[in-house]
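Colleague: Feature annotation from TrEMBL assigns domain 'S-adenosylmethionine synthetase N-terminal' to 7-79. Taken from TrEMBL, the feature domain 'S-adenosylmethionine synthetase central' covers 100-208. Marked as domain 'S-adenosylmethionine synthetase C-terminal' by TrEMBL: 211-341.
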């Protein structure tokens, strides 16, 4: 079966926006763990706008966080920041006080024995390759000609990688054949291994020397497929970036992954798919479903063992702490040290 996924590099404009809002979420949670927020970022041609709602005792300059992230990503051009963060409406506040969900959400979780990370092989390879290219740019002076922007497509069939496309920003002084040869030798082959019979394209349309916000726009929450399962599974369309952990989209997505991974690790099934549906103001999910890859209904098992209320999820996984900026790139799953990835024995 052919599986194709996309992975943006850290300097892709959408990912920069994600990293900015997630770092702001972390700072609010660091100063006030009970902070509630839903923040979005839009960047384009010399400006980055931060907007949304925040309810917190913390007080700091969000533009300073945004600027630090922007510069750490590898950009040095002048950018103007605009911040417009307001308090939530009274209606939403009443729903929260009652213990209900802060919005509607359809969330999915998945785990598989296909890889050590319990993710589809294509997702693992794509994220590894994106990280590898970014690491070369950041740490190896031989690759100082690499610029931050770019994205990848990677396809697998069975247990083989069959195609890789890399679109990578580079210095104007570097010719495309140089980019192609060095990315193949130093990034693609070290990640996927033998490249025989693999279709590989690196900057197939020619030079890519003007990227980032100088050339394009970026919006937080737009790379929701790359953040999770690469588009290989259904997605409810809920963005996670910029949201506090009590939001059902965030809490439910992390819990669904936690539960699926737990059941696979226990040997209940080789593949587990979990779905939860939340409605505004309702504490319990409106609907909850869990199935194995073979179609076995695991819903009763999951319902009996796991509490999918947002408050309970936040408590169980200890989510009111700065966890989110560190996983704003290369996917939020399959990484060590994150509570939703831990397997309880």
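One is the number of the first residue shown, and numbering goes on along the chain from there.
Note: Cβ is positioned from N, Cα and C throughout, glycine not excepted.
A TrEMBL annotation is a machine prediction, not a hand-curated record.
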Colleague: Limited to the domain 'S-adenosylmethionine synthetase C-terminal' (211-341), I'd like the whole-number average of pLDDT.
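Modeller: PLDDT averaged over the stretch: 96.
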Colleague: How does the domain 'S-adenosylmethionine synthetase N-terminal' (7-79) divide up by DSSP, counting helix, then strand, then coil residues?
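Modeller: When I sort the residues of the domain 'S-adenosylmethionine synthetase N-terminal' (7-79) into the three classes, I find 31 helix, 20 strand, 22 coil.
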Colleague: Under DSSP, the domain 'S-adenosylmethionine synthetase central' (100-208) has how many residues in helix, strand and coil?
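Modeller: When I sort the residues of the domain 'S-adenosylmethionine synthetase central' (100-208) into the three classes, I find 39 helix, 36 strand, 34 coil.
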Colleague: Helix, strand, coil: count each for the residues of the domain 'S-adenosylmethionine synthetase C-terminal' (211-341), based on DSSP.
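Modeller: For that range the per-state counts are 47 helix, 20 strand, 64 coil.
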